[in-house]
Amino acid sequence: MLKSPLFWKMTSLFGAVLLLLIPIMLIRQVIVERADYRSDVEDAIRQSTSGPQKLVGPLIAIPVTELYTVQEEDKTVERKRSFIHFWLPESLMVDGNQNVEERKIGIYTGQVWHSDLTLKADFDVSRLSELNAPNITLGKPFIVISVGDARGIGVVKAPEVNGTALTIEPGTGLEQGGQGVHIPLPEGDWRKQNLKLNMALNLSGTGDLSVVPGGRNSEMTLTSNWPHPSFLGDFLPAKREVSESGFQAHWQSSWFANNLGERFASGNDTGWENFPAFSVAVTTPADQYQLTDRATKYAILLIALTFMAFFVFETLTAQRLHPMQYLLVGLSLVMFYLLLLALSEHTGFTVAWIIASLIGAIMNGIYLQAVLKGWCNSMLFTLALLLLDGVMWGLLNSADSALLLGTSVLVVALAGMMFVTRNIDWYAFSLPKMKASKEVTTDDELRIWK
């Protein structure tokens with residue numbers, strides 16, 4: 001077997017494929033590095049503007065001082081404790097209009113969104129009946145609105161409670177801190193009537209916009225000009241419409257679904273970043289780095305199909321190709337991915353794919369004209385390479401049926417190879433070539449006499 005030309009041919013082709021894995025891995029490393037550079041740009045934009053935003057509120061914080069007694073050494077001792085009671089709204093309505101703009105640093109872009117939010121909350125005074133005990137003293141209440149990054153708070157219109165304009169102050173007003181704003185309620189017996197709050201604020205950020213549905217019944221409607229939303233969080237929108245011009249989504253929830261009534265009743269717990277929320281993220285669709293990385297996963301398939309076509313050509317014709325010629329064609333296929341990555345950063349992925357495919361086809365067409373001794377075979381292989389590039393493009397753009405399409409390509413390629421080689425005597429290729437035997441001489445030819 002070691003003397004078989006077919007064995008050494010297959011071994012050399014397998015070795016060429018293994019060698020080509022090295023530049024493929026290097027290109028994938030370059031893709032990771034370029035994607036990291038893009039992530040650094042997004043971080044820089046986030047640091048210079050504001051980060052993801054999580055809106056909690058409006059809710060009313062009521063300082064409570066409670067006197068209670070305990071038994072110590074056969075005597076009654078009076079104790080005092082202070083805590084914050086959160087008065088949650090019966091209904092919370094959030095209506096927002098979001099505008100997304102792109103910020104560019106070098107060749108990289110990131111997104112910053114600006115949302116104009118209108119908040120309407122109704123508070124039922126009957127929820128405060130538990131605070132009417134004689135041993136309880138109430139402090140001055142204030143409305144709390146918490147956000148993820150206070151740098152994103154823009155214009156805030158004067159909020160109104162029961163038609164009365166109030167003053168808004170920075171910070172949440174809570175001892176535990178937190179970023180946001182608070183609105184002191186006016187003096188008076190506010191416990192004798194229901195409260196209706198109306199306010200509007202401009203909130204900017206990057207990445208996620210989340211709103212905690214703190215009302216007994218909560219709804220949110222958001223309209224945006226960004227066509228690539230990613231709906232996250234604990235609640236998917238009840239309704240949503242996504243088009244090339246943007247999206248509109250509507251969420252709704254209640255305490256029966258999120259249990260926020262009990263979680264806020266825990267008092268001084270302000271770990272609100274873990275509370276369930278309506279969420280949507282402004283995300284970049286599958287960018288050039290993700291697409292190029294996916295494309296490189298099919299590189300071995302492209303190289304294997306090309307080598308298989310060359311091998312069948314050798315088998316059916318008298319033309320012989322050296323393993324170095326296989327390797328050079330394979331390198332040109334690998335360079336396609338590096339060229340695709342470099343071009344896609346400037347022209348977009350689709351245009352880069354077309355240009356890289358044409359450049360690769362021209363390179364191989366000119367080279368194969370000399371290798372295959374003619375333009376006819378060269379053009380045939382060049383068109384086949386362009387067809388394979390088209391198949392790879394189809395695989396990238398059919399995520400749901402990529403497995404089916406890829407399997408179909410392999411089945412068709414294998415069936416084609418089986419068909420064109422069905423009459424080949426492989427044993428003839430496997431046998432080592434025998435040296436031509438010398439002519440047999442007769443005794444009469446060796447004689448020096450007659």
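The chain as shown is numbered from 1 upward.
Yeah, the Cβs are placed from backbone N, Cα and C, and that goes for glycine too.
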Check: L321 and G374 same membrane side, Swiss-Prot record: yes
Region pair the transmembrane segment (7-27) / the transmembrane segment (323-343), three or more CB pairs under 8 Å: yes
Stretch of maximal Cβ-Cβ contact with the transmembrane segment (298-318) [cut-off: under 8 Å; candidates 348-368, 379-399, 401-421]: 401-421
Non-local residues, at least 6 beyond the ends, that sit with Cβ under 8 Å of the topological domain 'Periplasmic' (344-347): 34, 107, 288, 291-292, 353, 355
Per-state residue totals over the topological domain 'Cytoplasmic' (369-378) - DSSP helix, strand, coil: 7 helix, 0 strand, 3 coil
Average pLDDT across the topological domain 'Periplasmic' (28-297), rounded to a whole number: 85
